[in-house]
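Summarising the annotation, TrEMBL assigns Mg(2+) binding site to ALA259, GLU275, GLU279, GLU328. The annotation domain 'Nudix hydrolase' is assigned in TrEMBL to 217-357. Marked as motif 'Nudix box' by TrEMBL: 260-282.
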Amino acid sequence: MVNFFFYGTLCHLPLLAVVLGRQVAGEPAVLPGHAVHWADGHVFPLIVVAPGGQAAGLLVRGLTPDDVARLDFYEGGFAFHTADLAVQAAGQDVPARVYLPDPGHWQPGAAWSLTDWQARWGDIVLATARDFMALHGQRPPAAVLARYEQMLVRGSSRVRAADVSPATLRHRAGPDDVQVAAYRQAYANFFAVEEYDLAFRRFGGGFSPVVTRAVFVSGDAVTVLPYDPVRDRVLLVEQFRPGAMARGDTQPWVLEPIAGRIDPGETPEQAARREAVEEAGLTLGALLPVANYYPSPGGKSEFLYSYVALADLPDGITGVFGVAGEAEDIRGHLVDFADLVALIASGEAANAPLILTALWLQRERERLRAG
């Protein structure tokens, strides 16, 4: 059995329970001669030597070898190692193991605030940790850490997915209506492929046999179609799309609305405005929600938030844009609304969110043009 002193996100007991796989109790403690800071540019803290300082945290006593293995998997993924130090709890010196950052990996930022972290990141990191710990025993910590930004995107999607959605016609699912017997991550890079052995509740009662289902996992994303109601035109973007290439399409450059994934901590609206700047150099006006939807839920986890945005679209505004570090090469096109309808009818504009958004705009266009 070993004592541990936690000073950062693992002071959040729900997160500690996910990492350990069980509930534990802790007590307040401090580590003299140290201070806790945000890891600069990241969503977790690190501890540094600070003469005269005191790092406040949580002392958990009597952790088992299995607990330690799970902790080492989680913290080791973030390039931390352990040291045996003396902390103070209830006025007594207590030996405890502490996770310290590996040299050279992270730089200290502002002073750490657990309360601020809980408010902005707590739910997202908790959801991400469930995915992280599901890989315990399947992948080495460093391999999981390499995808942590993508995992945060997925964790953010899980938090949004937990919002209650209508079930007036469809089956209202209960927490036990899908029973997962086994989980495997078959592939993981920017995206991931997951396999589930599961049974689901049948409409006629009882459960299906255990079946294997694969899911292509990506985060939630936004699409936004800029529309100028004065000039009655939209802005489309064109870029190479590997999905079209992999299908065998001889024309894998696709006409689309502006689109991109929602970064961790962003709202869909913030993502739409950021993507408009990145992909078209465009500052958007009012965002008008079109629909929120799964484009292909039979095998993909992606969920889209689609918008029309009011915008000023004069001649000469388009160009080639994109984030250089992501090798993006995105060309803009100004298209009159009548020509947009023709592009969809001919099949040249064969992008589902664009078609859906154009149909919405067709319905609302006269109202928007009337001001």
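The backbone N, Cα and C atoms fix where each Cβ goes, and this holds for glycine too.
In TrEMBL, annotation is done automatically, which means it is predicted and not curated.
Locations of recorded TrEMBL features on the structure.
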{"residue": "ALA259", "record": "Mg(2+) binding site", "DSSP class": "strand"}
{"residue": "GLU275", "record": "Mg(2+) binding site", "DSSP class": "helix"}
{"residue": "GLU328", "record": "Mg(2+) binding site", "DSSP class": "coil"}
Work out, from DSSP, the number of helix, strand and coil residues along the domain 'Nudix hydrolase' (217-357).
38 helix, 49 strand, 54 coil
Rank the binding-site residues GLU275, GLU279, GLU328 by the number of other Cβ atoms within 10 Å of each Cβ, and give the residue at the low end.
GLU328
The predicted model's mean pLDDT over the motif 'Nudix box' (260-282) is 97
